[in-house]
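Comments concern the structure below.
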There are 2 protein chains.
Amino acid sequence: MSKAADDEGVPGGRGEPPGTSAQQLGGEAAGGKLPSKLSASSFTPGWTKVSCPCCASERVEPLVRVKLGPKVVPETKRWLIKLIGAPQKDGGAGLLAHPGEDATGNIIMLSAPRCTLLRATEELGLCKIYHNNEMEAFAYNDRDNFRDSDNMEVFLTLAERQYIIKYELDGLRAQKDLKIPGMPDSRTLQKRDNIWQKLGQAGVIVDTFPLHNPGKLKDLSKSWYSGNQLAQPLDKVNEYFGSSVAFYFSFLDFYTWSLLPPAILGLFIAYFSREVQREMLQSVSGSQQEEVQDDPEPLISGHMLQAVFSMLWSTVVIELWKRRSSSLSYQWGTLNLAERFAEPRPGFHGDLGVNPVTGRVEPLFPEWKRDLRMALVSVPVVGLFLGLVVLGMMCFYWAEARVQWLHKDWNSMISQTFLYVPSVLHILYTNMLANLYRTVANSLTEYENHREESAYDNHLTGKILVFTFFNNFAVLFHIAFFKQDVPLLRKRLASLLIISQLVNQVTEVVIPFLVDRFISAPHRTESEDDPEEDKFRNQGTLPTFPGLFAEYIELLVQFGYLSLFSCVFPLTAVLLLLNNLTEIRSDAYKICKLFRKPFCPPVASMGVWKVAFEVLSFVSVVSNAWLLLLSPRLQKMSQEAGMSSSNLLMGAVMVEHVLILVKVIMAALIPDEPDWIRKKREHIEYTSMQALRQQKLNVQQS
Amino acid sequence: MSKAADDEGVPGGRGEPPGTSAQQLGGEAAGGKLPSKLSASSFTPGWTKVSCPCCASERVEPLVRVKLGPKVVPETKRWLIKLIGAPQKDGGAGLLAHPGEDATGNIIMLSAPRCTLLRATEELGLCKIYHNNEMEAFAYNDRDNFRDSDNMEVFLTLAERQYIIKYELDGLRAQKDLKIPGMPDSRTLQKRDNIWQKLGQAGVIVDTFPLHNPGKLKDLSKSWYSGNQLAQPLDKVNEYFGSSVAFYFSFLDFYTWSLLPPAILGLFIAYFSREVQREMLQSVSGSQQEEVQDDPEPLISGHMLQAVFSMLWSTVVIELWKRRSSSLSYQWGTLNLAERFAEPRPGFHGDLGVNPVTGRVEPLFPEWKRDLRMALVSVPVVGLFLGLVVLGMMCFYWAEARVQWLHKDWNSMISQTFLYVPSVLHILYTNMLANLYRTVANSLTEYENHREESAYDNHLTGKILVFTFFNNFAVLFHIAFFKQDVPLLRKRLASLLIISQLVNQVTEVVIPFLVDRFISAPHRTESEDDPEEDKFRNQGTLPTFPGLFAEYIELLVQFGYLSLFSCVFPLTAVLLLLNNLTEIRSDAYKICKLFRKPFCPPVASMGVWKVAFEVLSFVSVVSNAWLLLLSPRLQKMSQEAGMSSSNLLMGAVMVEHVLILVKVIMAALIPDEPDWIRKKREHIEYTSMQALRQQKLNVQQS
């Protein structure tokens, strides 16, 4: 049986891969232990040999699929499999490779033996449950004291195991100058070249992606979006997709629930305040009705109440999220990540030198040079693009005014069509600019040469974020601050909310559903009876997961609408709450069914997004103070009291300053992490301080 | 000789103290090795015995003097000396005690043996120079690898040695219920009672203070304030007085030099801008001269230039100081203090329990309870007092207006004297309030029950600081923001600067000099020929050092004048620069000559003062934006351009927001510690992480 599997594994007789001899332990056990539909464990024969006896396991679970280029010859594939399977001390990745059973032969399946997984767990700085039930930073040498450290499928989450494979592949570096076998001579690897990156550039490797686990996926989807449950299975999401995805869904969850207070307040205001009802009616009907007033209005209008509430609410939400986030990070073992101390990310370059922190030889790049590049190149370029957005908006307003003037003058069919020209041109311009900016942001961040993957991601995200945010809110800010037109702002906000939510629901719920029903589903039923390997091939046809940027930015824009402008339209929170309740499910459905599984590095928080939400919550004070000033009630009151407009403005500025002060004090007083986590962190610090002393002594004595 | 010294040591035949047998090693060497005038090392006989042989040194340097109450009987004194001399494992302080040679017999001299010093160095978390020339956290077990660890007078600074004695005394706790020998039965110590605190309350101990070292003091004063040198000997100050004093003088130094740019700008503006000359003339002469205008004025006035400069300058100064501060902290070995992990401070109380961080049994007090106390008691009480200040100011203004109206009405001699009544009452009220507040702040901070000495100090300082600051600036803010009267502000600022500096110079230079010349000096010459012990007795007659609060608040108020209001009076920086150049010397003189040497705990930074200066630099943006708006030039320009005052105000608010943004970005971009320190810190983190893993493994293997 093991021989047969081998022959299937290398179809077309392209020569025997180096790892054909099946592992003796796993050959027969694989099929019997687990139902083949739920696990993908029938591959044990055909895997490369493991180098240490402890890693020989009964079955090997294929975790990652590598797709080779169409022109790759068997010689190159053999070399690659050997490289992947070689132990790390010989310059290999220390992984398990399988030549695959695909007819075209351009596939390699990867898995990881126990030792490699455990060593990488230590390198990444993941925390796992120690024998005393505390989370402790994992140490390879101390592995026997960690719970379940003999069973990798329990000890590490699926996402961690898959990420570790990517981590090892990205860490492959040529130990000497090397010609790639079976490739033209022009393609050589130089010493310390990043092999995986170079092979990708050379077209040898087309794709590397983690595989779905159908059984677990079915289980997850059942408890996530199929039923009517309110809570999300966040731990399971972390287990299956990894902490970055789990953080997004946790935040979505947290944020959705925190919409309840403003939603209730909004409903209350909308129901009781006739003023708001009249205004909302106006904003929907678009006509300025004559104000009919029969009984005295209360001193504080809903508008003002909502403005003050928004300011405080946004601070409290963000502060509480920080606490929740650090609890989650502790629970998922990512509180203590050691990315700073690990190898630099693949794209990082610099002069070879000794890292003063870890003492390892690796490329070094001085901090001040990076700062200089950011200050002198990145910041001006980003500023330029923001300027172009403003310029575009100004041109649009100018052209619109011009065209309307022309239309009034001519009043013909031609001039009527002209009315749409500025809008169309502006949309085209904005889109072009956004695309151009994305490319520029990528190159800028690459040029900044960040050492850590997370720093790179954060700077790239930050750049795109600023631009997208500006693009989304420039018009609203313009209406609020320059035109100072509250009814227009209300109208615009309502239409943005309703339209953007309709578009969202269609693109995120209806289309995915239709695609799944009528395009994917027939395809899938066909593959139900197919052999296991076909399932993996199908996954290759799915589109790549586009990342969480679009999801986060949607939440950020929502949060912006709510915290910045919601006082002019009290039902904002209600609409958002309704939207998010379906959003949770549609996002979950999307990531489970419609895309390939993404690689998710373990992360300790939302990273730059947390900062973005925090900044927004500060801007909300300014914006709300301003809208408070524009509130019709206040304007009327001040007119009646004979206050000058500059006195009123001064009052608003004072209110703003006091509220910013309150916000800063609140942010300082609410600790960012719960007390019990602070204690655990300090305990770790204390024990490592003690250990350092002990170690020095031991070194000295020996 | 040793016997004779003993007899002198216990005058009046009050019985033999327990440690009378002189140390064999030191008996004869003491006098010969060092000239007796420079060192106080002639006491070696009479000291208590040390418990371990390594600590037996040739000479013992008296470091701290304890003064007992007048009614203390010899029995109590003997018991106390025994307690101080007993090893720590037996519940003693592990120090060296000497019954003293004072005729009244109510004095104990203290010193510390090597082992106690080294162990305390580890407990405090001080860094010392390792054999590889790096600063490393000291570890007792690894002591031989630290440079100079066999010579305590080089290894530890004088201030550190003296502080360690206080630290050990404060750490004395009763191991069981205990009656104090020779005291009435009502005075008993309960288990875990803080002995030193209880003895103080019982009147047994009146005073504990560190001794000056005349030789070192002479040396220090020569290089500090006697000559014409510009630089201060900061390392020597740290060595002699400890890091908290050294941090104050470093900041004073840094701040004084950073006054140069605004001083130059101020002189430049004062010289070239006729406008300013006219205004300053007005402020001095007090008369509103007719404005004579013959040539066109520049678009940007000195007023505006100075306002914008002040905002940016204050940020840059504070950010650069943070970097300087962390370098100093590294240099002085206080970067890594372990106060969090040490025993709680003496006044701390709580239920006994196991500290989750260190695993030691000690009193615990939950964090949330402290937060609650601060939020529900401290904050409202402090707010109440601030309200009382405002109330006082309002009453004063009301009374003044009232009295002036009366005076105009009556115009008599009686009404003339009435004119002074409001001011006098206001000053009395303010002083009473300040005294009351100080008491209240002390009790509040005690009630908050902080675990660490530094937290206690910071909260106490913070409370008094807010009040003092409010007291100092309330009037200026009132003039600037409510009266909006720039000439009055200028007049008031100029007079405050000149008067406060005159007062300062008198109290800090002239009076100390006179005191020293005519009161202390005769006293001193008399003691020149006296035996050593008399010098120590003289130190006891000096007043206690009042702490650095007054010095810091003076700098803070200066910094406030400069950064908040200097644009209305460009010569502020020049005056402050002149003042500070003498201030450095007079402060140095004061601390060296006029007070007892203070105990200074090792600190890593200026603590709460850094925060205060930072907050001030933010407030300066608001105040400068406002003064910019009030600038006469801008007001005239806007009138000429026909701008409405509310548009102008809006412009100022926008400028303010942009500048706050610039400030926040600058503060975020300038790293708080230099790159090389960040690397060292990360290196320490990395090695302790590694060591922790190693240790776990060792524990497991053994």
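Each residue's number is its place along the chain shown, starting with 1.
Just so you know, glycine gets a Cβ as well, placed from its N, Cα and C.
The annotation region 'Disordered' is assigned in TrEMBL to A:1-34.
Summarising the annotation, TrEMBL assigns domain 'Anoctamin transmembrane' to A:237-682.
Sequence-distant neighbours of the transmembrane segment (A:254-272) (same chain, 6+ residues past either end, Cβ-Cβ under 8 Å): 280, 302, 305-306, 309-310, 313, 317, 320-321, 324, 555, 559, 562, 566, 570-574, 576-577, 580-581, 583-584. According to TrEMBL, the feature transmembrane segment maps to A:254-272 (among others).
Look at TrEMBL and you will find A:374-398 (among others) tagged as transmembrane segment.
For the transmembrane segment (A:418-440), same-chain residues at least 6 beyond its ends with a Cβ under 8 Å from one of its own Cβ atoms are 381, 385, 388-389, 392-393, 395-396, 399-400, 403-404, 406-407, 464, 467-468, 471. TrEMBL lists A:418-440 (among others) with the feature transmembrane segment.
Positions annotated as transmembrane segment by TrEMBL: A:460-481 (among others). Within its own chain, the transmembrane segment (A:460-481) has Cβ neighbours under 8 Å at 378, 382, 385-386, 389-390, 393, 430, 434, 437-438, 441-442, 444-445, 488-489, 492-493, 496, 549, 553, 556-557, 560, 564-565, 607-609, 611-612, 623, 626-627, 630, counting only residues six or more beyond its boundaries.
When Cβ-Cβ distances below 8 Å are used as the criterion, the transmembrane segment (A:555-578) is approached by residues 251-252, 255-256, 259-260, 262-263, 265-267, 269-270, 273, 276, 280, 283, 302-304, 306-307, 310-311, 313-314, 465, 469, 472-473, 476, 480, 486, 489-490, 493-494, 496-498, 500-501, 609, 612-613, 616-617, 619-620, 623-624, 627-628, 631 of the same chain, each at least six residues removed from its ends. Among the features that TrEMBL reports, transmembrane segment is placed at A:555-578 (among others).
What TrEMBL lists as transmembrane segment is A:599-628 (among others).
Per TrEMBL, transmembrane segment is recorded for A:648-670 (among others). A Cβ distance under 8 Å defines the sequence-distant neighbours of the transmembrane segment (A:648-670), meaning residues of its chain 6+ beyond its ends; these are 308, 311-312, 315-316, 318-320, 323, 617-618, 621-622, 625-626, 628-629, 634-635, 638.
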